[in-house]
Every structure is written in C-alpha cells, then in structure tokens.
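One structure is given here, and the rest of the page talks about it.
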Amino acid sequence: MKLKQIELKNFRNYEDLKLDFHPNLNIFLGQNAQGKTNILEAIHFLALTRSHRTSHDKELIRWSGQEMKVSGLVEKAHATVPLEVQLSSKGRIAKANHLKENRLADYIGQLKILMFAPENLELVKGSPATRRRFMDIELGQIHAVYLYDSMRYNRALKERNAYLKFDQAKIDKNFLTVLDEQLAEHGNKIMFERKTFIEKLEIHAKKIHEQLTHGLETLKITYNQNVKTDFSKELLSRQDHDIFRHQTTVGPHRDDLQFFINDINVADFGSQGQQRTVALSIKLAEIDLIFEETGEYPILLLDDVMSELDNHRQLDLIETSLGKTQTFITTTTLDHLKNLPENLSIFHVTDGTIEKEKE
C-alpha cells in the first residue's frame, strides 16, 4: 500500500496544495510551526477521517473557508483507489472510488497508517483512555466490524448513562436490564477482539524488544480487562450501585494495558529510555501485525520523533520499516538522520510553502 498523491483544499494553513510522493521515503524538512506536521495530519485525516491532534473540527478548516477537503490516490496490489474526505458544518463525507460511504466504519481501513509522534510515549505512561484509544484505532483499521461494534457500544453506553441520571424513583429496572443486554452484546465482542489483538501484538513486540535491547530485556503486555466474569451478570449485580453513582461502572470503557520489562512496570519504574524503547517496539510490531491480519503494510508517519531517539534506535526504526512501508518523516534537520537510502524525496517547508528537492 502506497500513498501516491495527496491534495488539500482549505486544510489548516494550506489553501490549495497538491503533492506527489515517493513510494519509499518522504522527508519534510523545515523549522517549527511552518506546516510540516499539517501534512502528516492530513494523511491521518484521509485515513481515519479524524485528526490525531485535535477533536475540534473547526481547527482543521482554513480561517477563510467554510469547508475543507483532503483527497488522495492510494496504490494497492491490484488497483489505484481515489479517496476523499470532506468536512463542513454539516459533518463528514468520505468517498472511496468516487462513491460515498454511508458509514465511516466502511471507509476506514482503505488507507492503513501508523502514527509515531513524541506523544506516543503517553501510550506507556499516560492515561488508560490513551491506551483504549490506541486499541480502538488499530483494531478499527484491521477489522471493520470492530469499529462498528465500538460505535454501537458507545451509543448504548451513552444511552444507559443518560438513563442512570434519572431520579432513582423513576428508573425501571426491567428497562435498565434491556439496556444492559445491548451493552453486553457489543461489549463482549470488543473485549474478545482486544484480547486477541494484544496477544498477537505481544508476540511481535516481544521479539523486537529483545532485538533492540540485545536480549537484556523481556517485554510483557498485559490486557487488564475491567469485566472479570460475565458482563451481563456484572451489569445486573451493579445496577443499584450504578443508579447511585449515575454512571456505568463496569465494561470495556474502563479497560487498560500495562507494560512490563523483566516483570517491572515500565510506567511506574522504567526510565524514559525504556519507555521510548517499549513504544518503539510496539510501533514496529504493528507493521508486521497489520500485514499479517490484512495482507497490506501500513504507511508509517514519523512526526518529529527521530530527534527523540538515539542513533541506535533511529537505525532500528529505519531498517525495520524501509522495504516494507512507505514512510513519511517530519524533521527540523537532517543532522540526526543517519544512513538514509538514496531513493527518497525531500520536501522543504517554509511558512506553508512546500518545495520538492530535485532528485
């Protein structure tokens, strides 16, 4: 899978931009706040219909515009597929092969991506919500049905929580049980998919981590499932408690992940270097896992992370990804990028203007 071309209309600081990409490696070079990250954000938006930087859609539309559009050409094994995502006050419209997808869940996965940015360290040391979002994004690209179940679960959770905010005297437990059954139906599928995904991810990440640490460290990933027994029974047993708390206190919306090195919790006791290595191991593992599950390698987006890694980790990242994935890198300097291949494109970014260096 390769992204051959992208076109932006009123996206962030770009009024009208069209770029053709190298199938191997693309580097966006420039000082901070010039628009480098906006290009990777646009690719992320084209793939997932959402930004990785903001939840406020208005921020994505250029200040003088009322709507924006990101379109691209994705080269797959047997065809080149045009993709397009439009955003306006009316919402999102996603198209694949010029045909509108009625559900975003049917669109996501057309362009598979892996984003690696400095904030990815939050996967290890951040909040449980960050780790749940990680599972949801990656599983949504691999299995469209997971995204569907996740959306249905969140809708049912919202409905149950709204009902729990009623006065206790007005709550009908029979109706609450109906809501419980809807929640459990989709929640059980989510938990099964998450458990399977983490088990497979750990196999790949463990091997990579041992290579990165020369066999000195063993990585373990634990999926902490909030539901301990039967989801339906736990919801039923907690009805009185949930009515008192006015919220649903059990379910996959409270799941978490933990990372261990030699049986030591990395978030609590690991050094920053160890946390970075764990995050890197996971990202590299995802490359092979996505291929294993879908038959397609994802596109790798590296947003200002090379300066965060030492030369050894940089080399591991480049050697593992190149030859498998099309890679996009943003950076302020090439000084810390060692052993770059000759077949690449370099784009110079200055105040929203992009010039491609002659190859």
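Using N, Cα and C of the backbone, Cβ positions are placed for all residues, glycine too.
Its Cβ taken as reference, GLY35 (ATP binding site) is surrounded by 20 other Cβ atoms within 10 Å in the chains shown. Annotation source Swiss-Prot lists ATP binding site at GLY30, GLN31, ASN32, ALA33, GLN34, GLY35, LYS36, THR37, citing sequence analysis.
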- Additional residues surrounding ATP, by Cβ distance to the GLY30, GLN31, ASN32, ALA33, GLN34, GLY35, LYS36, THR37 centre under 8 Å: THR330, THR332, VAL349
- Query: What does DSSP call GLY30 (ATP binding site) in the simple three-state scheme?
  - Reply: coil
- Query: Far apart in sequence but close in space: which same-chain residues, 6 or more away, have a Cβ under 8 Å from ASN32 (ATP binding site)?
  - Reply: THR332
- Query: If you skip the near sequence neighbours and keep only those at least six away, which residues in the chain come within under 8 angstroms of THR37 (ATP binding site), Cβ to Cβ?
  - Reply: ARG53, ASP303, ASP304, THR330
- Candidates GLN31, GLN34: member of the binding-site residues with the richest Cβ shell (10 Å): GLN34
- Where does GLY35 (ATP binding site) sit in the DSSP three-state scheme? coil
- Note on the structure: Within 10 angstroms of the C-beta of ALA33 (ATP binding site), the count of other C-beta atoms across all shown chains comes to 9
